[in-house]
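According to Swiss-Prot, the protein has these features:
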ACT_SITE  Cys134  active site, S-palmitoyl cysteine intermediate
COMPBIAS  359-373  compositional bias 'Low complexity'
COMPBIAS  422-432  compositional bias 'Low complexity'
COMPBIAS  442-478  compositional bias 'Polar residues'
COMPBIAS  581-597  compositional bias 'Low complexity'
COMPBIAS  666-677  compositional bias 'Polar residues'
DOMAIN    104-154  domain 'DHHC'
MOD_RES   Tyr91  phosphotyrosine
MOD_RES   Ser247  phosphoserine
MOD_RES   Thr303  phosphothreonine
MOD_RES   Ser345  phosphoserine
MOD_RES   Thr348  phosphothreonine
MOD_RES   Thr350  phosphothreonine
MOD_RES   Thr411  phosphothreonine
MOD_RES   Ser425  phosphoserine
MOD_RES   Ser429  phosphoserine
MOD_RES   Ser529  phosphoserine
MOD_RES   Thr659  phosphothreonine
MOD_RES   Arg697  omega-N-methylarginine
REGION    289-715  region 'Disordered'
TOPO_DOM  1-13  topological domain 'Cytoplasmic'
TOPO_DOM  35-52  topological domain 'Extracellular'
TOPO_DOM  74-148  topological domain 'Cytoplasmic'
TOPO_DOM  170-191  topological domain 'Extracellular'
TOPO_DOM  213-715  topological domain 'Cytoplasmic'
TRANSMEM  14-34  transmembrane segment
TRANSMEM  53-73  transmembrane segment
TRANSMEM  149-169  transmembrane segment
TRANSMEM  192-212  transmembrane segment
Amino acid sequence: MPAESGKRFKPSKYVPVSAAAIFLVGATTLFFAFTCPGLSLNVSPAVPIYNAIMFLFVLANFSMATFMDPGIFPRAEEDEDKEDDFRAPLYKTVEIKGIQVRMKWCATCRFYRPPRCSHCSVCDNCVEEFDHHCPWVNNCIGRRNYRYFFLFLLSLTAHIMGVFGFGLLYVLYHIEELSGVRTAVTMAVMCVAGLFFIPVAGLTGFHVVLVARGRTTNEQVTGKFRGGVNPFTNGCCNNVSRVLCSSPAPRYLGRPKKEKTIVIRPPFLRPEVSDGQITVKIMDNGIQGELRRTKSKGSLEITESQSADAEPPPPPKPDLSRYTGLRTHLSLATNEDSSLLGKDSPPTPTMYKYRPGYSSSSTSAAMPHSSSAKLSRGDSLKEPTSIADSSRHPSYRSEPSLEPESFRSPTFGKSFHFDPLSSGSRSSSLKSAQGTGFELGQLQSIRSEGTTSTSYKSLANQTRNGSLSYDSLLTPSDSPDFESVQAGPEPDPPLGYTSPFLSARLAQQREAERHPRLLPTGPPHREPSPVRYDNLSRHIVASLQEREKLLRQSPPLAGREEEPGLGDSGIQSTPGSGHAPRTSSSSDDSKRSPLSKTPLGRPAVPRFGKPDGLRSRGLGSPEPGTTAPYLGRSISYSSQKAPSGVSETEEVALQPLLTPKDEVQLKTTYSKSNGQPKSIGSASPGPGQPPLSSPTRGGVKKVSGVGGTTYEISV
């Protein structure tokens, strides 16, 4: 009955309960009206009192069984096993007093029914300790109303028996008046009572047995414990006392309450604001993001203050004014992306003004790599930074100085500590610049083109600003010397010189232009060589003459191992020589100073006796007690003949060693395997180590170097 509110009205389900109530009340009323007055006079006045009490007890239990909540479980709003991805199993097993009891999944109420609970098909609810659905009371009989139903049956049976018995007694007292009205009504009531006594008495007896055994009608009918032990029984007396004397079970459904309407008078009346007056835009996080005022300013001050106090929604982009560190990284990333992907890159100084201080000068802040041939060279060349200014400040992109403090020029800035184990990553073009004595502009161009610092800061710079790509090795532009050198006209490269880090296309173009000039004929008329030795002292020229004498006297060695001094003889063999294993050395690598940064157009003049162009040793003149690092070639390349993997060498005629102005012009040979010069001999040989040479032909001395490198020296 209580569960029927809110559902569709079904008149048919009220027919049984209405008939039962009519028969009960009607028969009892007739009994009291026609039979009880005669019995009170003939038998006892207590007979009507007894029947009245019994009738009230029956009526009370009937009402309680009809209108009381049987113990309905509320339906689950969501599945209990919603965290499971699979469908809930039909049964779950629990153990009660050592006996396994199954709990069935209720698809309607969406939970597992507790033990002794069942879903009523008429009420469409799960009822705790479901017994049966009684149509005569129009309600399910469960844990909460079973007591009243059982008492109703007992009292009704007793009442029927009382009505039938006292009616029969009245008929026997008035057997002569069977045709009378009172006797006829009494006989009719007896027929009704007798008619209902058989089913009611049978039902009462059945429930008495169930209560004594501790079972329900559902368990008895379905035969759940027919062949086993009932875990819910506590004995006959305990079972009866539990049904009749136990406290009522709690109610699981809340009682429906009517909504109370309270009228508030003007002192407590809030101003009504319609949707047309205020437009509120709710963000995803519930914050009021936009208000449009159409009324007065004061009506929205409270709302605005509340929205201002609340935490604002996360912006699509970070607040650069609040997060300084994040602003720095975002500025760097944005500028780098625009400089790499855009056709016309922005000036690099604007990108690096927020960079953390690896270097104190802005001249060292340039892009570490490039994705095209353009890069941002045009912007970087516009910087009015001189070479001398850039040399005063330490730069984490500059080449680490390998010269001791005593041989260091005061104009040079401080460099990083040299690690001999990481010297394999030094650029070979820097050694070429020091070995051949080019003009300062070309030296700095070579240096900026091929310099890769071994310092961890340089590596951190490359990995922080971009990946260490192959293009960044081919055309680097991160050196401040590059900017200063490119500001002036670029001089022609020396004959036979090829940068090891040029692209393949540019190398082929330069090589095609260079081949006609590499003939072993006399030197053509040309501009003064960029390699000038105007300031050479006399004793250096004398040492060159001594070397010529030794070259004439010493026989060539056929299978000699690679000269240790070759590592410092000019330019290293291959760009990949840095990947070859290198040994720590204490040779001229530790004594060589960085490139002198003199103005363009002036020859590089060394401060000490030996010029930079001749400071490297020759093939046969390593310093005693020193060992230079290995090159990227194996010992098998040290024979006179070039190996099969290497192309034929280009022979370049050396200029006369002595000129009227003591000018020494050197031309080195280059291998086509990598386009780099092998070695340039410039120092006197050490004792016990004869140089590599070949027989003289027609006034020209042919000297064989390691790996198939040959020299022709005019005598």
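Placement of Cβ uses the backbone N, Cα and C atoms for every residue, glycine included.
Features recorded in Swiss-Prot, as mapped to the structure shown.
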residue: Tyr91; record: phosphotyrosine; Cβ neighbours (10 Å): 11
residue: Cys134; record: active site, S-palmitoyl cysteine intermediate; Cβ neighbours (10 Å): 23
residue: Ser247; record: phosphoserine; Cβ neighbours (10 Å): 5
Is the transmembrane segment (14-34) packed against any residues at least 6 beyond its ends, judged by a Cβ distance under 8 Å, and which are they?
48, 51-52, 55, 58-59, 62, 66, 135-138, 156, 159, 163, 166-167, 181-182, 185-186, 188-189, 192-193, 196
Cα-Cα, whole number of Å: the residue listed as 'active site, S-palmitoyl cysteine intermediate' versus Ser247 (phosphoserine)?
23
Residue pair Tyr91 (phosphotyrosine), Ser247 (phosphoserine) - Cα distance, angstrom, rounded:
31
Using a Cβ cut-off of under 8 Å, list the residues of the same chain at least 6 residues beyond the topological domain 'Extracellular' (170-191) that approach it.
27, 30-31, 33-35, 38-39, 42-43, 163-164
Where else in the chain does the topological domain 'Extracellular' (35-52) make close Cβ contacts, counting only residues six or more beyond its ends and a cut-off under 8 Å?
28, 159, 162-163, 166-167, 169-170, 173-174, 182, 185-186, 189
Would you report the average pLDDT that the model assigns to the topological domain 'Extracellular' (170-191)?
88
